[in-house]
Amino acid sequence: MFSFFFLFQYTVWNFVPKNLFEQFRRIANFYFLIIFLVQLMIDTPTSPVTSGLPLFFVITVTAIKQGYEDWLRHKADNEVNGAPVFVVRSGSLVQTRSKNIRVGDIVRVAKDETFPADLVLLSSDRPDGTCHITTASLDGETNLKTHYSVAETSVCQSVSQLEALQAVVECQQPEPDLYRFVGRMTVTQHGEEIVRPLGPENLLLRGARLKNTKEIFGVAVYTGMESKMALNYKCKSQKRSAVEKSMNTFLIIYLIILLSEAILSTILKYAWQAEIKWDEPFYNQKTEAERNSSPILKFISDFLAFLVLYNFIIPISLYVTVEMQKFLGSFFIGWDLDLYHEESDQKAQVNTSDLNEELGQVEYVFTDKTGTLTENEMQFRECSINGTKYREVNGKLLPEGMTDDSPDGSMPPLVLHIYIAGLMGDELLFLKAVSLCHTVQISYDQSDCLAVGGDPFSHANGVSSSPMEYYASSPDEKALVEATKRIGVAFSCSNGDTMEIKTFGKLEKYKLLHVLEFDPNRRRMSVILQTPSGGKVLFTKGAESAILPFATSGEIEKTRLHVDEFAMVRFLLFIYLFKLNSARTALQQREERLQEAFSYIEKDLQLLGATGVEDKLQDKVQETIEALRLAGIKVWVLTGDKHETAVSVSLSCGHFHRTMNILELLQQHSDNECAEQLRILSRREDHVIQHGLVVDGASLSLALREHEKLFMEVCKNCSAVLCCRMAPLQKAKVVRLLKTSPEKPITLAIGDGANDVSMIQEAHVGIGIMGKEGRQAVRNSDYAIARFKFLAKLLLVHGHFYYIRIATLVQYFFYKNVCFITPQFLYQFFCLFSQQTLYDSVYLTLYNICFTSLPILVYSLFEQLVHPHVLQNKPGLYRDISKNSLLSFRTFLYWTVLGFCHAFVFFFGSYILMGEDTTLMGNGQMFGNWTFGTLVFTVMVITVTLKLALETHFWTWMNHFVTWGSIAFYFIFSLFYGGIIWPFLHTQDMYFVFVQLLSSGSAWFAIIIIVITCLFPDVLKKVLYRHLQPTSTQKSQVMRGGDCLCCSLDPSPLKFVQSYMEFVFSALTFVLFCLCVRFCEWVCGCVCVCL
C-alpha cells in the first residue's frame, strides 16, 4: 500500500467523459443535445447550427472553469504527495517522495515537519525515546502532546541500528477514530521475543507536526487513504445550490410548455389540412413519396419540427451566463478589504464559485470552537483552595477581596518570607499539585536543568527570566503551570521518570511512577509520584463531575460553588502496580481493563481545590453570533473539547445567554436511557424562556441510532445547540441530520482543522478558517476566511448580493425567452402551421448570445439593492431573502405571465399597426413576412433590455455602457448584416430588410408605442407597491437614500415623495413619447405628400 493521497475529482483520462456526464445531468444541456441530434436527423425549419453552436459554447466554457478548479486541487495534492521524505533502505537514508512510502518503511521526520503517514514511534533523539507533536490540523489542539517509543527500540538512534532491528508490528484494521489504536510489537533480541503493547501514545498520525524534538524514526503502519486523517475525510461530492435546483424545476415546467405548444401546433396543423385546399395547395404539390409516407411517421416528424422551432424557450445560455456570473463574481470576495486580515496578511479565498448565492440562504451555521471561535490562548483567572477563593495579583496568590500594595510585583525579603510562610499549608500543596499533575514539556534541552551550578531561574516572586517555554497537550495545562511558576512554584524539568519543581527557589525532585492518561470516559488524569521523602502520592485532576463523586474529604460543598473547570485532588496511596501493568500489556479489551485499573486507583480522594482558566475569544465573535441570530440563522457549536470548557466558551461568546435554560443530554449509556431523557426534554412546555441544548458525542451516537426524530424535535425547540466530545465523522453526521430533515434547511459549516473537514464537505457551504492549524480545512472548503468575524459580512452582504443577482438573472432569462419564442408560436396561426420561422436564423442564434446577454451579466455582477453598510447594520434584512423567496413559484409565475403578456403585445401590436396596410414605403413597395418578423424582433430587443434597466437599482458606467450599447449594437449589426449580400449564405432573405424598416415612420411609431405599452404598467406597479406595500428592503433603500435627512425627518414622507416623483416622471416620459410619435407621424405624412 503506497502513501498516495488525493482530493481531486478528475484525471487526464476521465476528465472528458466524467465532465460531460456531469454537465449533461443538467436538464437544459441534455435537452439541447437531443434537439441538436433531431436537427441532424430530420428536415427542420432551422439549421442545426442554431442549437449546436450555443451548446458547444456552454459546454466548453463550463468545462474550462471546472477543469481549472480541479487543476488547483491537483496542484494542492501534488504538494502533499510530492513532499520529500527520508526512509531507511539498504542500510542508508534514501530521499523519496511522500507518495512512495510503503507499509513497513522506517521513516525519518525532522523537527517542524509533518508526518507523511501513520507511524509507530521507534526512537527519537531524546534518551527516553519520547517526542512532542502538535495535532492542530487533526483535533484542533495547538499544544504539544507527548508520544512514546517502546524501550527496546528507543535505543536505536542510528540507521545501522534500525537496519539491524528485528521486530514485527501487529495492529488493528484501519479505522477513522483518531483517539483509538490497539497493537503490539514483538521485538527479537538475542533469540528472545519480547512483546510490547502499542496504543495511541505510540502512534504518530499523518498530518500532525513534530515539535521540540530534533528528529524521530517511525515505522509506517497506515499509509495513503488508509491513514486516520484520510479516513476522516468525507468523499467530496459535487455540491449544487438551491438556486440551481430551482432552475431545474423551472426548466421542467418550461419543457412541459414547450411540449404542449408543439403538440397543439401539430394537432392544429392536421386539423387545418383536413380541408383539401389547404392540404395540397396548387403552389405546393406533394411528391409521390410524400403521398405514400406513413401518417404516423409524418406526425412524429412534424411534432419534432415544431419542437425544434420552439426549442429556444429553453434558455441554454442561462447556464453559461450563470457560470460566468459565479466565476467573475467570486473575485469580489477576494477583493473585499473588509475581509482582509492585516496581521496575518491573508485575504478571503474562493475555492469553488458554484455556491456564491447559497451564502444568502444559510439557516444553520455549524462551527468548531478551538481556533474558530477562540484564539486557543488560555489565561489563569482564579482558584479555590480548601474552600477559599484566590486570585493572582502581580505574581502573588491572594485571597479574594485582598489587594496588593506593590503593583510592580517586587517584594522586600522580609515580606517575601512572610508571604512564603503564609503559603505553607494547603495552598502550597495545591500549587505543587498543579505543578506536577500534567504532561507539560519544556522547550530547552533537559540537560540544562541537570547541569551542576546552573540555575535556569532567577526568582523574585518565583518569576523566571530564563528563555524557556512550556509546551502542553492542552492549553489549560500550560496556563496552570505558567500561573504556578509566576506565583513561585515553578515546574523546572522533566527527565524521563524524574520531575523537578522549584518552590520559591528550593529544588524538589519527584520520581514519576505512572501517568494515568486522560480519556473521554473518565474525564480526568492522574500522576503517581514518589516524593523526596520516599512516600508515594497520587495527584488527580479533571472535570467537576469526574472528581467530586470520588472525593471523600475536604471542603467539597464550598469548592463545588467555586468550581469553574478543573478540580485538583490528592490522596496518599500505595498502588497495586501489577494490575495496572497487566492491563497495559493486553491486546484484547485493553481499554476496559485499563478503566477497571484506573477506577481501582482513583477513589477515596481528598479534595484540595479547583482552578479557573479562560480561553481568549477571537475579536468580535460575540457580535458576529448575535448578528447571525438576528438574521434568523441558528448557530450550533460542534467541538471535540470537554463539556465544561465548551459550555464556558459558549457562554462567553454569546452562543449561550446567561438567562438561557440549559438542557443536557450527557453520559447516556443505553438506547432506553437516551430515549427517556429525550422524552423528558421534549415535554418541556415553557416556550417563553429560550433553551440551549448540550449533548456529548456518546449520547449523540445513541440519539442518532434510533431516535433521530425525537432528537430533532428537542433541537428545534432550542435557540442554540452545543455538541462536545465530537469525533470528526460525528460532526458530519450532525450536519447530514439537519440537511435531510423535512424542512431541508441550507447549512454552513466553518472550522480550521483537519478534524473539521468532514463537516465542511457535508454542509451545503463549507468555510475554512486560515488559522494556526494547518491548511486541510482551507483546501477542502468552498470558501476560506482568516477570522470568524468575517463570516457576518460574507453572509449578510456578499450572500445577500449574490442571491438577489442570481435570482433576478434566472427569472429574467426565462422572461426574455418567453418573449422571444411566443411570437413564433402565434405566427403559426397565420401561416397555416407550415413551420415557417418568424425570425431569421442569425437572429435566432444571436438573441441570447449577443443582443441580450451583456446587460444581465453586468447586472448580476454589480447590482446592490441596499448599501453594504445598511445590510451589516440591519441583519434582519437577511430574512427577506431566506428560504429562496425570490425564486418562489409565485415570483416565477409572475415573470412567466409577464413574458407571455409582453410577447402578445409584441406580436399583435405589430400586426395591428402594420397588418392592415403593408404598403408602408413611400414608393409603394410592400413589406413582407421578414420585415414583420424583424419589427417584432426589434421591439422585443428594446423592451427586454429596458425592462432590465427598470429592475436595476445600482447604476455604474458599465451598466449604462452595456444597456444602451446592446441596443445600439443590435441596430448597427442589423444594418451591416442586411446591407451586404453574403456569398456563403444559401439565401439572402434579410438583404435590405432592416434598412427599409427604419426608413418607415410608421415602423418607428409602432416601436415606440409597443415599448411604452409594455413597460408603463411595470413602472406603475413598482410605484404603487413601493408606496402601499413597501418591503423592509425598500424601506432601507429610502433610509439610505435620505441619510442626510433621516436624522431630522421622518422617513415615511420621504418615501411618499420619492414614489410620487417616480410616478410623475413616468407619466411625463409617456407624454413625451406620445408627442414624439405624433411628430414623427406628421413628418412621415408630409414627406409622402411631397413625393
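These residue numbers are counts, starting from 1, taken along the chain as shown.
Every residue, even glycine, has its Cβ placed from backbone N, Cα and C.
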Can you identify, from 14-37, 926-949, 1046-1069, the stretch that TrEMBL calls transmembrane segment?
926-949
The transmembrane segment (842-862) and the transmembrane segment (926-949) contact flag, 3+ Cβ pairs under 8 angstroms
yes
Binding-site residues Phe518, Arg725, Asn755: which have a Cα within 10 Å of Thr370 (Mg(2+) binding site)?
none
Close approaches to the transmembrane segment (892-914) from elsewhere in its chain (Cβ under 8 angstroms; 6 or more beyond its ends):
250, 253, 811-812, 814-823, 826-827, 920, 927, 932, 935-936, 939-940, 943-944, 947, 1002-1003, 1005-1006, 1009-1010, 1013-1014, 1018
Please name the residue among the recorded positions Asp368, Asp752, Asp756 whose C-beta has the most neighbouring C-beta atoms within 10 angstroms.
Asp756
Phe518, Asn755: which of these binding-site residues has the sparsest Cβ neighbourhood within 10 Å?
Phe518
Rank aside, I only need the closest one: which of the recorded positions Asp368, Phe518, Gly640, Arg725 has its C-alpha nearest to that of Asp756 (Mg(2+) binding site)?
Asp368
Just checking, which of Thr370, Arg725 (binding-site residues) has the fewest C-beta atoms within 10 Å of its C-beta?
Arg725
So among Asp368, Phe518, Gly640, Arg725, all listed as recorded positions, which is physically nearest to Asp752 (Mg(2+) binding site)? Use the C-alpha atoms.
Asp368
